[in-house]
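These notes concern the structure reproduced below.
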Amino acid sequence: MSSNKKPMVLVILDGYGHREEQQDNAILNAKTPVMDRLWQQQPHQLIAASGLDVGLPDGQMGNSEVGHVNLGAGRIVYQDLTRLDKEIKEGDFFANPTLTAAVDKAVQAGKAVHIMGLLSPGGVHSHEDHILAMIELASQRGAKAVYLHAFLDGRDTPPRSAEASLQRFSDAFAKLGTGRIASLIGRYYAMDRDNRWDRVQLAYDLLTQAKGDYVTDNAVGALQAAYERGENDEFVKPTVLQAAGEAKAELHDGDALIFMNFRADRARQIVRSFVNADFDGFPRAKIINFGDFVMLTEYAADIKAPCAYPPASLSNTFGEWLMKHDKTQLRISETEKYAHVTFFFNGGVEEPFTGEDRVLINSPKVATYDLQPEMSAAELTDKLLAAIASGKYDAIICNYPNGDMVGHTGVYDAAVKAVETLDNCIAQVVEAVKAVDGQLLITADHGNAEQMRDPATGQAHTAHTSLPVPLIYIGKPASAVNGGKLSDIAPTMLALMGMEIPQEMTGKPLFIVE
C-alpha cells in the first residue's frame, strides 16, 4: 500500500452554525483567531443544513443524523420525519402491516398496547404527531388498554416545555375514551447512548415493574412537581402515573410495545435491554415475553424485532464509491458522534467498507459536558494528526462533537470554552494537512452553539438551529461556487480528489480549482 497519500480531510465541527448577531453567540464571542483567519483568507461560503435542503420539512432545524446522511450521500435524503408525516397525512400509516399486526394480536389476546417514545414536537428523534397517530391507530383497531410511556425532551425543545405536550395527550386520551399516559421519565435516562446502563435501567424498571421515584395521578402535576425539585424535562426522574383504583400499567407477557422514535442512535440501548436474550448491560429483574415489540424504524441490523419502516437503501455513497475505486479512508470521532461518521455517513450501513478504518475516542464520563467542554478533543486531534501524517489514507472524515454536546447543555461560558478548544485543534489540523500537501474542508452538520439563549422565552437555548453553517477549503488555489448545502460536500470532495462523481449524487462541487 502506498505510504505517501495526500489525504482529502473533512472536519465536521458538530453544532457550529453561523449567526451574525453577537448576543448569546458562543461562536462569535469566543476567541477564534484560527477560524477567523481561515474565513478571511481561504475560499469559503455558507451552506444550508436544515429544512428542505436536507430532506426535512420546511423550516425544521437540522440535526446530526440527518446532516451526516446528507454529507455522505451527496444527494438530498428524505428523512424519516418527512416520510412519516406524509404516511400519516395520506392515511397509509394506519394500514402499516407491522403496526396493525402488533395491535391486532394484542387486542385478540386481551393484552395491552404500550407505546413509548420521546413526547416532543422537536422532530429530531421523534415527533409527538406520530405518537398521537399511533394511539389513534390502536384505538381504531379496538385496543382498550393503550398506555403511553412518555420520555420528556428539553434538549431539542426548550428545557421546560413538556406541559403543552402532556396536556395535549391527556386531552386526546380523554376524547378517545380509552388509554392514558402511564409513566414519565427524562430522555437523559431512557435515551442514553453512551453505555451508561444505570440510567437505562431506571427506564427499564419503570416500564416493566411500574417502579419509579414518584407515583402520582396527573401528568401535568407530576411535571410541575419535577420542576419544583429542580428537574428540567430532560432530567425528570422516573414517575408512575396511577389514579386511585387504577391498575399499574407495567408491561406484561403478551403485551405489544411500540417504540415511536425514528432516530436510531438514542434508541438502541433501551431496545436491546428489552429484546436481546443475551443482554448484560444490567441485571433485568423482570424479562418480558412480548406479543410483539415493534421498532418504528430500523435502529440496528442486529436488533431482532419487527420494523414498521425499514430503511430505504442508498447506493454509491461517498464511502462506497471510494471502496469501488480502491481508495482508503478513515472515520474518526468521539463516542458521542462515532455513529455519525460511520453508520450515518455511510447511509445506514453498519459494517465498514473495504479499505475503511475507524478510530473511536472515548468521550469523557461526566454527567453533562459543560463540566468538561474540551471533551476528548486533545486525544482526538493527536490521533487525527497521526493519521494525516501516516500517508495511509486517501480520505479522512473527522467529527469534533464539542459545539453540539456543550451547546446542548445551555451553559454559555462552557460553550465558549468548547469553541476555543476547537480553534486550537483546527490550527494543528491545518498545519498537518499542509505538511503532507493534502486538502482540508471544514464544515458543520447543523447549528447549535451560535444561539445559547432563546430570545422568545429567555430560557437557555439547548436545541439545534436552522441557520447555515460555514464551509472553508484549504488546499489548492480555488474559487467558491455559492448556494451550497450539505449534500454538495461529497461531490465537492470527489471533485477535489480528481475522481468521477457517481450519477446517484445530485449534489454539485462547491469549489473550482483554478
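Keep in mind that glycine also has a Cβ here, set from the backbone N, Cα and C atoms.
What Swiss-Prot says about this protein:
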| type | residues | note |
| --- | --- | --- |
| BINDING | Asp14, Ser64, Asp445, His446 | Mn(2+) 2 binding site |
| ACT_SITE | Ser64 | active site, phosphoserine intermediate |
| BINDING | His125, Arg155, Asp156, Arg187, Arg193, Arg263, Ala264, Asp265, Arg266, Lys337 | substrate binding site |
| BINDING | Asp404, His408, His464 | Mn(2+) 1 binding site |
Counting across all protein chains shown, how many other Cβ atoms sit within 10 Å of the Cβ of Asp445 (Mn(2+) 2 binding site)? 34
Cα within 10 Å of Ser64 (Mn(2+) 2 binding site) is the criterion; apply it to the binding-site residues Arg193, Ala264, Asp404 and give the hits in sequence order. Asp404
Tell me, how many other CB atoms lie within 10 A of the CB of Asp404 (Mn(2+) 1 binding site), whichever protein chain they belong to? 31
Whole-Å Cα distance, His446 (Mn(2+) 2 binding site) to His464 (Mn(2+) 1 binding site), is 7
Cβ-centroid neighbours of Mn(2+) 1 site Asp404, His408, His464, 8 Å, sequence order: Asp14, Gly15, Asn63, Ser64, Arg155, Gly403, Met405, Gly407, His446, Asn448, Ala449, Thr462, Ala463
Expressed to the nearest Å, what is the distance separating His408 (Mn(2+) 1 binding site) and Asp156 (substrate binding site) at their Cα atoms? 8
Specify all same-chain residues, apart from the site residues Asp14, Ser64, Asp445, His446, whose Cβ lies within 8 angstroms of the center of the Cβ atoms of the Mn(2+) 2 site, ordered by sequence. Ile12, Gly15, Ala49, Gly62, Asn63, Gly67, His68, Lys337, His340, Asn399, Asp404, Ala444, Asn448, His464
Measuring CA to CA, name the entry from the binding-site residues His125, Arg193, Arg266, Asp404 that ends up nearest Asp14 (Mn(2+) 2 binding site). Asp404
C-beta crowding around His446 (Mn(2+) 2 binding site), within 10 angstroms: 29
Using a 10 Å cut-off, grab the number of neighbouring Cβ atoms around the Cβ of His125 (substrate binding site), all chains included. 26
Between Arg193 (substrate binding site) and His464 (Mn(2+) 1 binding site), how many Å separate their Cα atoms? 18
